[in-house]
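Straight from TrEMBL, the features:
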- B:20-242: domain 'MacB-like periplasmic core' (DOMAIN)
- B:283-396: domain 'ABC3 transporter permease C-terminal' (DOMAIN)
- B:21-40: transmembrane segment (TRANSMEM)
- B:280-304: transmembrane segment (TRANSMEM)
- B:324-350: transmembrane segment (TRANSMEM)
- B:362-386: transmembrane segment (TRANSMEM)
Amino acid sequence: MSPAPLIVFDKVWKTYGQGEAEVRALAGIDLAIGQGEFVAIMGPSGSGKSTAMNIVGCLDTPTSGRYGFMGVDAGRLDRNRRAELRNLYIGFVFQGYNLLPRTTAVENVELPLIYRGVPAQDRRALAMKALAEVGLEDREHHTPAELSGGQQQRVAIARAIVTRPTLLVADEPTGNLDTARSHEIMQLLTRLNEEYGLTIVMVTHESDIAAYAGRTIAFRDGHVASDTKKLEAA
Amino acid sequence: MIWETVRLALRSVRRNALRSFLTLLGIVIGVAAVIAMLTIGSGTTQKVKADISQLGSNLLIVRSGRPAAPGSGPQQTIRPLGEKEVAALAAHLEGARAVSPASQKQVRVVFGTESLTSSITGTDNAYLDARDWKVTSGRSFSESEVRGGINACLIGETVRRQFFGAGDPDGASIRIGRMSCKVVGLLEPKGYSGFGQDQDNVVLMPLSAFQRRIAGNRDIETIYVAADDATPTQVVQTRIEDIMRDVRRVTADREDDFSVRDMTQIADAMASATATMTGMLGAVAGVSLLVGGIGIMNIMLVSVTERTREIGIRLAIGAHEKHILIQFLVEATVLSLLGGLIGIAIGLALAGAASLALSIPFVPSLAVVLLAVGFSALIGMVFGFFPALRGARLDPIEALRHE
């Protein structure tokens, strides 16, 4: 009935260490996230949500089980293939922005395009367009140090969407921002989700931030504790 | 893509300007030393060759002793050359323009309050002919001066300048050791030889006067023979050897106790000695390049560690291992290439200054410069590889967590 889900966790285990010191970060997770969903992932630290996010973002691979991304068994790809996958289909937004220091906003946004081999003049145009989408077209030559936290996070979002990704992975995107700035960022993410059908998977601690998402998944001790969908407004 | 990477590398070098400069210093010094050594070396070689060809490639030099290579161990007791060899060569040698005996000694020369240690040569007028040396003012020796061993002198330009300044030396009396000697002529200036020897710091006097008053014996050190233009030097050399064996009674079963060499042989020997020296100095300078390379490796490791987070970001947004590897390799290469270019500039400047000071020709070699460029780039790549690989192998998750 519904199209094949974008993200599929099939009995995904992730363990660190060996023997006595073995830590189970994920203990047989089953999960499916469809194209165009906006999912918030919550849970206390140590619940496995970060590990799950790393697998979703193709930064990490399961110890056992299958992680399917866009129908590909992404858990079995080597690191360079996963890098390609990230470059082509996934955008990242981090709590600490993670912009390159002493590098202008527009150059930061261009970065993923460089690894895609986009020619320089096309890169500049695409980066300017992405900056305009986050409302920072007049800050293109500012370096991160010259921008506020909210603006830095917008640059990071522009960098994440400049490649027109299928999936946006956001790791506590409002963690370093005050309430007003947090809500601005969330409105921006919501707009991207609604206008472009961008699938968003976001980790957050705050329930009012999670409330922007259409679906909230809570992790506890490496298991999915709850998975609730917001009721659609009629 | 590669141009992007080079720009990125240049920016990173500029950002840590002081650190980059200090890192470069090793390469700069190494390359400068190699370039200076090789350039001065080839200048010297060229000068030596030029000097010797100026002496005339048809000049042959006869000395006593076995014709062994210089520095091949102690020679047996040498039977010196004497009047009879000169007389025999003068009488029987065909195809020679000039045959001239010469003995030489470093002696202190005094005039008025000035003094100078000069090379005193006892010889005759044929010496001027053999060595193609002109008398610019005054006259050469007269027949009677040569025959009678009269104390008459021809002086070189350096001696004239030291003693007479702008004045006329003609007829003046200079002291050589314990004898006094009347200046009769001035020799044409010849400048410095390839080994930095002042060829104008000379005094010539009749051989018999030299033997009696300076040397105290009747030995002759060297006999110069200039082959005439019609006869190949090789032929004259063979004829000299025949006459010498005859005069000195060297039978066919014995080794020659004299040597005859032409200037090309001497030029080659000297040039090869210079080249060996240059090569050795260059190799020593090369060691400092190696040290410079290790400096680059060190600073690149620091750079990779410092920029772990940046590497994490790049990996997360889709950089391949090879992208990171190339980025840091290019940075190391740019760094050492920059050092190489500065080193080449400094090396050439040093060589230029040295050439002026030693009055040798300045012969910068494109090949040497290109080699230095290539070598410094290679050093960057070799010593940058390990740090770059370390960066490329980082785990993006760990790298992103790095503070």
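These residue numbers are counts, starting from 1, taken along the chain as shown.
Using the three backbone atoms N, Cα and C, a Cβ is placed for every residue, glycine included.
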Helix, strand and coil totals (DSSP H, G, I; E, B; other) for the domain 'ABC3 transporter permease C-terminal' (B:283-396): 99 helix, 0 strand, 15 coil
Beyond the flanks of the transmembrane segment (B:362-386) by at least 6 residues, Cβ under 8 Å: 27, 31, 34-35, 38-39, 42-43, 46, 289, 292-294, 296-297, 300-301, 328-329, 331-337, 339-341, 343-344, 347-348, 351-352, 355-356
Mean of pLDDT values spanning the domain 'MacB-like periplasmic core' (B:20-242): 85
